[in-house]
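Participant: Here's a structure for you.
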């Protein structure tokens, strides 16, 4: 095949957000009739690159050529008019409008009496039928649909303009296996009709299933572009996460070498701790210097148990002892006074205070513990901040910047620093590594390992089972709101051990569980085996 | 009934079908409730006091509330995008005082009327620019415009400015008898009512049949999503404030024509009446869902409530606001219940 003329050529694209370079000289070329996968870890710059293509993100330098003509992208509407349609995630639709309206809005068929609703519904139904949604009533309100159907509606919305270039940003994360197949079939159909497709997905099998060509991004740079056929999975993964994989392996062996076995009085002991409708009564013990991982699907009770232990929710049964003394953890404040610190999974809503600076965020919990009558002096604050900035590798420039301007990884580190400043004996970390870049993940995981070495009892929760296995001395496995067992970690324990344990507890077919619950994050065989 | 037996597989009929439709279109529930309450109030009024279901009572209801209907339509646009416009009452005060003074000073009355409307447009445009380009909260931007309008009106005059008896503006308040009923039971309208009806019809068309109108709804659902869908968010947000301002100017014309005078304290609290009417009519204060016809019903509910309180005689007029507040609260609670149902 002679090289066809590219539809989109992006070259040397550089983008900065408040001084931070998020894309650095990125090239991307899309050919008609080809599915091009854009790969990379969270924070690699995939979404930014899509934004640069559609004009929602300002480009600092570099050029974009559409069919050989240079032009500056100027917003979603203009891009659509030029034939570049983007499918955003299903949350970017309008919940109050009907299906037909969501598909057609901005492109409504109009007659002499304004918008011709009948024609709109017909057109929407036609496009929806191509996605296998023939039986969906275009008049039903969007809010009545499941996330999966909403996502397909978002795809239909992009197809309405008959695009030359279709950009799919994580289109499959809320779809089940059958729906994914439908979508991939449509994608192949469009490709065969000469549409250029940019496909972004976390699901590596889907990417290999559908992609003809891949571009791999890491830290805002292109680390490779090649035909999908020339690349195998292991190569791709190591490209995406780079040299850090060795560091992670080292951490794992280090943890195994220092394997800790509990002895003496537990730091925290809970018996029959539960709350009706949230968690069945659960017994748990945490010892000094131990990392205990909670493993389970979303909704298995892992977060609920953490919240009960951290005082974020009140238990209606059970008792908690700290170092042998009975305690009541009625609120996170009460828990902090008992030296139990909880880092919530909802970083932005319940963790950091976005409008405050990094300094203010870090000082907050310690100050609250001391009471307002004994303010921390500037000197004490500086000492505190210096300690944790160094320990957690936070850039010193960030001290007096509002936290909302910092990256997700830095925000997570600041939350961790705040909790560490209270010198907890028990530290509960709920998803501390979600959505942050690999460097920050590594920093946090190393810190967790060090803390345990210093005698803190750490609870570590992550939907990335690899992380749980890497860090934990002991793994508590939960399912359907109850604890189903505990594993002592060792060389023989892998992700599969836990998966089998959860699956074995299930009456049904484990394959089905993981095939359908793509968004639980536990579908490890399909997810990247990273971090 | 026979239809049911001969077509057992047909669509569910009657109450079941209605319930099914309602459960699918929960958005319409608050508006339906407003209509039910309006009818309930009429029935109660007729039973308790009599002479409610009469041509002249209902005609007067429309005549006396034409300006409120116009205001409410404007507010509906703004609230549908998730915004608010607190300046409408003050705009009426400034616009009507300025208009009457200019007419009395010998300006061409028609030109003065046009200016009254344009004053509203200017205020709306200013609010829109503040909200869209200076990222001021709609509440604060329009609050500033409210103080500005009220202040300007007070600078112009602090006493009632009477309109000349032969002013053409008064012609917009002339009562036109359409149907001559027994005694005084006539169907009467004024040009002001006709203007209000045209405004409602035009607003309905814009909201339901134009892209601008649908964009208004999409912005209210989620501004970020609307932007990602490629909709003209900035221009549309400007438009809603301009529409709201212009309609306040028009309401000033209609109100002044009926009353025959203007004063700087006219319209205090009307923005809140209009917001209340919009909410009672089923528009979500957070935006994205609602109907302009519902807002009209909301305005008439408020108007009818005043009529009933006057007729009752036993309720002190001071209690009017308490009752308005109570009705408003019930409707907001109803909306919350609807939203909670949807989230399930």
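Placed from the backbone N, Cα and C atoms, the Cβ positions cover glycine too.
The feature transmembrane segment is assigned by TrEMBL to B:29-49, B:61-80, B:86-103, B:110-133, B:187-207, B:238-257, B:278-309, B:321-339.
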Participant: Quick check: do the transmembrane segment (B:86-103) and the transmembrane segment (B:187-207) share at least 3 Cβ pairs under 8 Å, counting only pairs 6+ apart in sequence?
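Facilitator: No, these stretches are not in contact.
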Participant: Find the member of B:110-133, B:278-309, B:321-339 that has more C-beta pairs under 8 Å to the transmembrane segment (B:238-257) than any other listed stretch.
Facilitator: B:110-133
Participant: Relative to the transmembrane segment (B:278-309), which of B:29-49, B:61-80, B:110-133, B:187-207 accounts for the most Cβ pairs at distances under 8 Å?
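Facilitator: Ranked by Cβ pairs under 8 Å, first place goes to B:61-80.
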Participant: State the residues, same chain only, that lie 6 or more residues beyond the ends of the transmembrane segment (B:29-49) and have a CB under 8 A from a CB inside it; answer 'none' if no residue qualifies.
Facilitator: 22, 280-282, 290-291, 293-294, 297-298, 300-301, 304-305, 307-308, 311-312, 327, 331, 334-335, 338
Participant: How about long-range neighbours of the transmembrane segment (B:187-207): same chain, 6 or more residues beyond its ends, C-beta under 8 Å?
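Facilitator: Cβ under 8 Å, 6 or more out: 55-56, 59-60, 62-63, 66-67, 69-70, 73, 76-77, 80, 171-179, 181, 213-214, 216-217, 247, 250, 253-255, 257-258, 292-293, 296.
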